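Trainee: Structure provided below as structure tokens; questions to follow.
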Amino acid sequence: MTAQDSTQTEDRKDDHLQIVQERDVETTGTGFDDVHLVHNALPELDYDAIDPSIDFLGHDLSAPIFIESMTGGHHNTTEINRALARAASETGIAMGLGSQRAGLELDDERVLESYTVVRDAAPDAFIYGNLGAAQLREYDIEMVEQAVEMIDADALAVHLNFLQEATQPEGDVDGRNCVAAIERVSEALSVPIIVKETGNGISGETARELTAAGVDALDVAGKGGTTWSGIEAYRAAAANAPRQKQIGTLFREWGIPTAASTIECVAEHDCVIASGGVRTGLDVAKAIALGARAGGLAKPFLKPATDGPDAVIERVGDLIAELRTAMFVTGSGSIDELQQVEYVLHGKTREYVEQRTSSE
């Protein structure tokens, strides 16, 4: 990476953080409003005895809630990551990092600290790293292992963000040979691989390919939350790149709604994280009833993180209380039981799923 590329990468990270904090980057239409869990008027449970803990890739988590990959790669993100990591450690949930490409390719101690601070703040938490699928084609296994070692990661997320790349003036739009790269790394890496989208969802067909490639988990990151094409549209406007702005705006609402993507992915893989517009513990409960193992949130943790770890801990506590309430009124004493709860599918999500199923 050249010095110019290095500066560009770091500046892009800072741009993204500022835009997410200051601009309208939310979409709608996760599909969770179309999912109705069947109420149990006689749950025969002690609320205080409800156990929301899970085993995830051999690690015990206190609740099926993930702090999704967001930040890293700019010194402005260090304190945010410190707060998120401390909260993950205190509450016993999982946390993902943003792309570690900058940490691998830039010779900058402040950039590196934006990543390493996470393990320093959370020595025992489940922390997973992050690289792009496009980078896997370029890196040998030793380079990928460096990303793992950088934060003593328990797993590595491989993100798929080709729509975002297509809307960036400097984007990498060569999508070839990524499945082979993912399979190569899945076979050789020392930790499990989680493949995640970045706001546009994973289809059943793609989930099937990834399952065959040997990945350990899928994170659907569907439509309905933060829109990265929308974020890039703001960047393009500031960079006087009207065509990229137009494309980013046009595809702002593009993707598979999170609920539908979850349904498709759980039919192909037995370890699925539902993210993308997840905002409450009830959303997490619905995702689990659809078959997900856990639910993930990113942007809802960003503002609390700027206020410090206690604010993040409070937000996690709210989510767990909402989840436990949903478990109580569905008669679910455990997450395994919540996965078996009956639900009714309505509206556009039902239409989407029925049409997709009938076309197979």
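Glycine is treated like the rest: Cβ placed from N, Cα and C.
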Trainee: Quick check on the annotation: Swiss-Prot has SER69, MET70, THR71, SER99, ASN130, LYS196, GLY277, VAL278, ARG279, ALA298, LYS299 binding FMN, so which of THR226, THR227, THR330, THR349 does it put in that site too?
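Mentor: Candidate listed by Swiss-Prot for the same site: THR226.
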Trainee: What count of other C-beta atoms do you get within 10 angstroms of the C-beta of SER69 (FMN binding site), across all chains shown?
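Mentor: SER69 (FMN binding site): 25 neighbouring Cβ atoms within 10 Å.
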Trainee: Go through VAL278, ALA298, the listed binding-site residues, and name the one with the sparsest Cβ surroundings, counting other Cβ atoms within 10 Å.
Mentor: ALA298
Trainee: So the record assigns SER69, MET70, THR71, SER99, ASN130, LYS196, THR226, GLY277, VAL278, ARG279, ALA298, LYS299 to FMN. If I measure every Cα pair among those residues, what is the longest distance in angstrom, as a whole number?
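Mentor: For the residues that bind FMN, the greatest Cα distance is 23 Å.
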Trainee: Within 10 Å of ARG101 (substrate binding site) by C-alpha distance: pick out those among the binding-site residues SER69, THR71, ASN130, THR226, VAL278, ALA298, and say none if nothing qualifies.
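Mentor: ASN130, listed in sequence order.
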